[in-house]
Structure formats: structure tokens, C-alpha cells
Amino acid sequence: MKWLVILGLVALSECLVIIPLTKVKSIRENLREKDLLLNFLKEHPYNMIQKFGLKGSLCSPKISCLRLWNYLDMVYVGNITIGTPPQLFSVIFDTASSDLWVPSNQCHSRACVTHRSFNPTLSSTFQSSNRTVKLAPHSGLVSGLLGYDTVQIGRFKSENQAFGLSQSEPVKELENAFFDGVLGLGYPSLAIQGTTPVFDNLRKQGQIPEPVFALYLSTNTKKGSVLMIGGVDNNFFTGNLKWVPLSARNYWQITLDRITWRGVVVGCTRGCQAILDSGSAFLLGPSRQISSIQKIIQARFIENEYQVRCCARTTLADFIFTINNVQYPVPARAYIRKGSTPRRCYSNFSGGTESLGKEETWILGEVFLRLYFTVFDRGQNRIGLRIAV
């Protein structure tokens, strides 16, 4: 897996902003090439669904909690600016969180000094709240302050925008990250209490023509992928979008009918929930079902990862995800990824979502989003899907 990083700030149309994206290496691939991945996974057990269901009990009543999680396989990053004059940052555009955070110049952790940091004294529009925030990733507690300033994405400006400024980042994987922070595109219910997410602020301030954004992930791994804000460019898909109503308004959550392989139901047997997550590279589900799927594709657990024969990418059948009575095939070339060496391939399925609650839940990450152009419609609380061109 690799990171998508912005090439240029924006390409403007009359009504929407289109942000071009391309790929660089993921933290996982970076560690693998340095022969550090195996030891890292042993020392830091990897929980891919850490960010979902984060409880406020992790922090005291006087401290706000901002969602933070594992970044080993995060996929989408792009450039924004904060402050006046603007300070540039590369951030993850994440649909499963709602906060914005970047490192502060007061952070001296190794993960901070290897990335861009925000200097409040250089911005004439910065306002401090003197409010502490705690970010709770799996391998350490990141602390910081809540501030307010002007945030710009393309030509859209969010005035007096709340964001977290990390002052300590004792999180090992962040040292190898190709991004500085996170910009969440989820619902306000996921945000720090008393704050407004960037997208909602832009909407309230009349910056966005339409309350929608969309993701197109090109099959060309190096170029062509884009994030659209404020509208939809029909050139990135064919036919009509298939609309799916949200089943909850926090994550971009929908109802999933079933998952089948060669006509046999292998997951979501009685209907379940699915979260579309641009901040995840994988297809995540309950461990029991995932274990069965790994056996189906003959994946073997080697060196803390599920490895698959590379020839299976062209021989195995599609998994069919049925959503709102529409079938969405996921072929083997998508659910089995190539490794950094020709003979190494890996499963893009992973378990652990049973910890989210009693109801069966699946996470549809890059594997799914790369196949289907996706519109996130806040105006009508729905998601639009169509085969990407």
C-alpha cells in the first residue's frame, strides 16, 4: 500500500475545488524496505479499528479527547494551509473522524521534528483557547492544545476554525509517516465537544456551493486520483449514481445486505452495518468471518501478516458486496495486494470489528473506494456509488 499525496494545491472549476492526488509509500512499506516491519509489529500490536468507538473515559472530565489511531496503512493525504500568512501542512483527509490536528512548534518529540509544525506566533489570526486535548493512539498518549485560526483548502477558507496542536507525540509509527496531521470529514458528533468540523464551518460560512465532497481513486497508481469539495465532476464515472441512505449520522455508515463468494454468503448473513473510511486501506470485518475468508483465499499468517500466492490475483473469484439491493464486486486484484517484492502478495482483509459493538460491522476502505467513485452527500445524508472510470 502507498500514500496518496497532493501534487498541486488545486484545480479550480466554476463551482467546486478538485484536489489532484498521487501516491508515495505507506509507513508499512517504508518499514518493510528498512527490514523494520516485523520487529515493529511485534513491539506494537496493530489494531486497525482503534479509532472507531473511542470512549471519552480515556480522558478526565476537564480534558477533551480527539480521535487518533494507527496510521500504518492510511492512504489519502493532501495539502492545506493554516494561519495568516498561511503555513502549509500535509494532512490525511479522513471520512471516519471529524477533527483537524497538526504538530505544534512546541512539540519536540521525534515524530514532530521530522514534520512541519504550526507556529502560532507567526499567525496574526491565531487564537488560543487554553484548552487541553488528549489524542489517544494505541501506543502512547499524544497531548496538545486547542486553537482557532483560518484554515484553507484550495480556494475555500474556514475562518476561526478549531484545531488541535499536538505538543507531544510519543507514537513510534508517526516518525515514518508521510503526513503532518489529520483533517476529518465525518459528522460533527465525532468532533471535540463544542467545536465545529472544517467541512461544517465551510458550509456555515457559505464557502461550499453544494454540501458534498467526493473521492475518485484512479487505477493508475501514480496519478489521476482526486478529492472534490463542493460538487461532483461527472467525468470520473459512467451512468447514474446509486444512492444509499445513511443508517447513522456520525461515521459515513450504511446498511450492508450481504457479502458473497461464488454464490455463498460469507459475511453479513442477516444484514449488517458498513462504514466507508478513506482513512483505512483494508476491508475490515469480524474476526470469525475474516478468518473464514482468509481460508477461502488460502492466505497464510507469516511474519504477522496474511500472505497469499500472487497468482491468486488473477484466478480467484470476486467477493460481492450487496448494498441497497445493488451488487458491488470486489475482484481478487483488489483484495490481494502486491508486496514490495515480486513474489510477495498480501490479503487486504483484516479482522477486529467485533469490538465495535453487538451489531456486525464492516469497514470499507481504499480497496472498495478505489473501485467505486464515491459521493458523500451531507445535504441529504446519503452516499452515492458508481463504477469509477
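Each residue's number is its place along the chain shown, starting with 1.
Note that Cβ sites are derived from N, Cα and C of the backbone, with glycine treated the same way.
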Candidates Cys65, Cys112 - disulfide partner of Cys107 as recorded in Swiss-Prot:
Cys112
From the Cα of Asn348 (N-linked glycosylation site) across to the Cα of Cys311 (disulfide bond), what is the distance in angstrom?
15
Three-state secondary structure of Asn348 (N-linked glycosylation site) from DSSP?
coil
Considering every residue in the domain 'Peptidase A1' (76-386), what is the mean pLDDT value?
90
Would you please pick out, from the disulfide-bonded residues Cys107, Cys311, the one with the fewest other Cβ atoms within 10 Å of its Cβ?
Cys311
Given a separation of at least six residues and a C-beta threshold under 8 Å, show me what packs close to Asn130 (N-linked glycosylation site) in the same chain.
Leu145
What are the non-local neighbours of Asn348 (N-linked glycosylation site), defined as same-chain residues 6+ apart in sequence with CB under 8 A from its CB?
Ala281, Phe282, Leu283, Ala334, Tyr335, Ile336, Arg337, Val367
